[in-house]
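Have a look at the structure below before the remarks.
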Amino acid sequence: MGENEASLPNTSLQGKKMAYQKVHADQRAPGHSQYLDNDDLQATALDLEWDMEKELEESGFDQFQLDGAENQNLGHSETIDLNLDSIQPATSPKGRFQRLQEESDYITHYTRSAPKSNRCNFCHVLKILCTATILFIFGILIGYYVHTNCPSDAPSSGTVDPQLYQEILKTIQAEDIKKSFRNLVQLYKNEDDMEISKKIKTQWTSLGLEDVQFVNYSVLLDLPGPSPSTVTLSSSGQCFHPNGQPCSEEARKDSSQDLLYSYAAYSAKGTLKAEVIDVSYGMADDLKRIRKIKNVTNQIALLKLGKLPLLYKLSSLEKAGFGGVLLYIDPCDLPKTVNPSHDTFMVSLNPGGDPSTPGYPSVDESFRQSRSNLTSLLVQPISAPLVAKLISSPKARTKNEACSSLELPNNEIRVVSMQVQTVTKLKTVTNVVGFVMGLTSPDRYIIVGSHHHTAHSYNGQEWASSTAIITAFIRALMSKVKRGWRPDRTIVFCSWGGTAFGNIGSYEWGEDFKKVLQKNVVAYISLHSPIRGNSSLYPVASPSLQQLVVEKNNFNCTRRAQCPETNISSIQIQGDADYFINHLGVPIVQFAYEDIKTLEGPSFLSEARFSTRATKIEEMDPSFNLHETITKLSGEVILQIANEPVLPFNALDIALEVQNNLKGDQPNTHQLLAMALRLRESAELFQSDEMRPANDPKERAPIRIRMLNDILQDMEKSFLVKQAPPGFYRNILYHLDEKTSRFSILIEAWEHCKPLASNETLQEALSEVLNSINSAQVYFKAGLDVFKSVLDGKN
């Protein structure tokens, strides 16, 4: 195509020259020239005429004719003012050359007589016209036949049938999801995680998913030791297991898995005897208060889970000098869906990926660092009943009474001995990956992620919900694909392994294919733990995708009798979306049902992983209608991102989110506010000048749409800071929780510098945010400049 276009100007010039020779020859024909009588010149003209005819056939008649038509009467307009009315049309064997009488050397003011061969030429032209007409009619018949016999399921690229998505999603049924869920739960009772991975691969392949395969990584896992951890009261010598039961052989047999799997993966190992100091939630104010009245060096902190990321709180305790942590969940914070009598749980202290290969994939011959633990603290999760025994307090919650929080008085001393024993081993983590290849943009990926059972850990039943939902959508999608339809962009389906130990499977896969994913991933749709309650739909989305989620949720509301108002936010979430948010800057969407109590309580309780019997999915959603709703909402978002010509991302919403994060009385933000205003202006200009015209089908030039989509998919990458506090997102567009509306790294820095007149940490955080906003503003401006230069080039 490029070569053809490049040759057009040369073809035009050559044609013009040859036409010049042709007319010259015609004027020299015997009996028709009043000026030239030389026989040699006449023979030369006839030779030139033959050469011109041959070259015309080689260069292409259509191109030549088009080019000639465009330049008609333009060739000498700069040098000669022609009296066109006085020029009679010349007649030549090829009438398209009559314009060349206007050449300055051949201007005549007489009427030429018709050549003798006119009748023959007329017959020749008539034959061409008849042939062209027959071919045209034949082409119409072929087109009609092909159109009527093509599958009606495949709409043309660039147009989206509004009923297409509903046709795919209507095949998703709650009963099918329930059946799949029960099969998975039953499978978990009898087989290990590798067998479950094989079942998932077999099922996805049978549904028609393309190139379904295992992607395995050998990683370092921190597994439970041969015997459960213990906590012993020094005053009485009583020994307790993490669930509060006295240490005994009988207790171990009755609940062996609960006892073993109630641990903190990647904690330090060993024994520590020290005083227990209640630090509540471990906030900055809590630690300042405690350190004023007690020496905390090498002591044991009694810490509540929630309000801030666990890794951040442990980092603060480690810096303060603590030696161990007894971690628990206040019964007053527990959602109704969790039975407080079974609140043993597991946590992972791994920020993500294989700890022995930080930042690079665990492939063959990779260098492995020696990191059996990720903290110097001995960390042990314990139940609320055990906490009550440690502080000599009655139970915190009774059936009909109000809840009272557990609290150890500061004037009382409790000394305990805690023993933590885990084992680190190299194990294989398996991901299952398959895809549906895109039709027009196969190199652009929408990744849909669920996770499957992980051995040696608490998994509850959330993994079965996650897997059943992604399988239900694959079944619905492939039924359409088998009838000839394909999405414009490639949809990649992933079932991650090792999620409980720190999203290891997704991190390793992301690090393995980082260069490809950085360039090609458009969005990530998370199906992690979709049913955590049954009272409220709780969507989480990147700022650029919130408008799309609102539209889909409102449409879903019109189909249901009850639909309470839904708050859509960009907050930190658990699960395998972590790598895509914090290392690739990819927009994400996640739908989940929550318990109202959970939403009202402290955030980050979801960092705890409860046992199977503590969370009963079928009790929360007996009809599986909630599962069906999550599948359809997620599916509709997937289809729209995968199939719309213009990505349904909103640039202006990012700028508005930045401005909202800077509202209120915040110190040292005047520069940030000024930069945020410039970002908004650039985003508004980009939205009005580029995005709105692109939504008009008449303006959808393929190269222009591709350029626009490339800009849209990389918008959030500007907001990845180099380093964030432990447990905080590197992507600063995400808040800590729904109760905060400011940049999380600024909140942490302000808390850190409260007692100080000036603080380097605050200045560094302000600089990070300023650079991110400036980078985004420059990015939008550069995008506008690219479009402008392309338009100027065309003009």
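Cβ coordinates are placed from backbone N, Cα and C, and glycine is handled just like the others.
Checked against Swiss-Prot, the range among 1-38, 229-266, 343-380 recorded as region 'Disordered' is 1-38. For the residues SER92, SER227, the entry in Swiss-Prot flags phosphoserine at a single position: SER92. Per Swiss-Prot, the N-linked glycosylation site annotation among the candidates ASN534, ASN567 falls on ASN534. According to Swiss-Prot, of the candidate residues ASN295, ASN556, the site noted as N-linked glycosylation site is ASN295.
When you go through ASN216, ASN759 in Swiss-Prot, the residue listed as N-linked glycosylation site is ASN759. A Cα-Cα distance of 25 Å separates ASN759 (N-linked glycosylation site) from ASN295 (N-linked glycosylation site). Minimal Cβ crowding within 10 Å, among the glycosylation sites ASN295, ASN534, is found at ASN295. Within 10 Å of its Cβ, the residue among the glycosylation sites ASN373, ASN759 with the fewest other Cβ atoms is ASN759. A straight line from the CA of ASN295 (N-linked glycosylation site) to the CA of ASN373 (N-linked glycosylation site) spans 26 Å.
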